[in-house]
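Quick notes on the structure that follows.
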Amino acid sequence: MAAPYVSDDSGKYIASTQRPDGSWRKQRKVKEGYVPQEEVPVYENKYVKFFKSKPSLPPGLCEADGTTGQAQPSKPDADASLSKTAKRNLKRKEKRKQEKGEREQVEETRQDLERVNISDTPVQKNVTSAHKNGSASSDNSAAEKAKKIKNLRKKLRQVEELQQKIDCGEIIQPSKEQLEKLARRKALEDEIEDLELDL
């Protein structure tokens, strides 16, 4: 809030004002050319000034036409201003959404098929429930196998790193455990291969 100025024959003054608590401020003399802090313009660099002076509408479009143009979706303009990477990322997102939608449709169809009963015989119901239990256990075993494969690959990677260190001369005399690790390489490879075939 700007303070009210009072001009007198002796100069310019900021009039006395009342504080919120009821007490009064003294009037203050103002030197010639003084600009109060609230009235000092905020510094703006040349780029800010340029963008503020830039019209919001494109050349040739007046205010009356501008309101109808804003109602239209600006999707094509947004694509034109994006970089190659941003466009690629948008395409990936759209592709993921489509794949997710397809997966959801497949999942819904699968669930619908599970709900449908062709015949209401008790034997058929027992078979389907046994099949569901078997598929759940097979899912668990598949997950366990995948986990085991991951662990075996990690061990194999460690063996390969150890072999490289020995070959390049970092390790001159490998310890007994290191030699045992190297000897297990073939067994690890065979076990990984067997587990991958089971999956």
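Note that Cβ sites are derived from N, Cα and C of the backbone, with glycine treated the same way.
Remember, predicted model here, so these are calculated numbers, not experimental data.
Annotated region 'Disordered' per Swiss-Prot: 1-30 (among others), in sequence order.
Annotation comment: Swiss-Prot describes 54-147 (among others) as region 'Disordered'.
The feature coiled coil is assigned by Swiss-Prot to 83-199. Model confidence over the coiled coil (83-199) is summarised by a mean pLDDT of 81.
According to Swiss-Prot, the compositional bias 'Basic residues' annotation covers 85-95.
Feature annotation from Swiss-Prot assigns compositional bias 'Basic and acidic residues' to 96-117.
Sequence annotations record features per position, and here Swiss-Prot assigns compositional bias 'Polar residues' to 118-141.
For the region 'Disordered' (1-30), the residues of the chain that approach it from at least six positions outside its boundaries are 36, 38-39, judged by C-beta separation under 8 angstroms. Each residue in the compositional bias 'Basic residues' (85-95) gets a DSSP state, and the totals come to 11 helix, 0 strand, 0 coil. Using DSSP to sort the residues of the compositional bias 'Basic and acidic residues' (96-117) gives these counts of helix, strand and coil: 20 helix, 0 strand, 2 coil.
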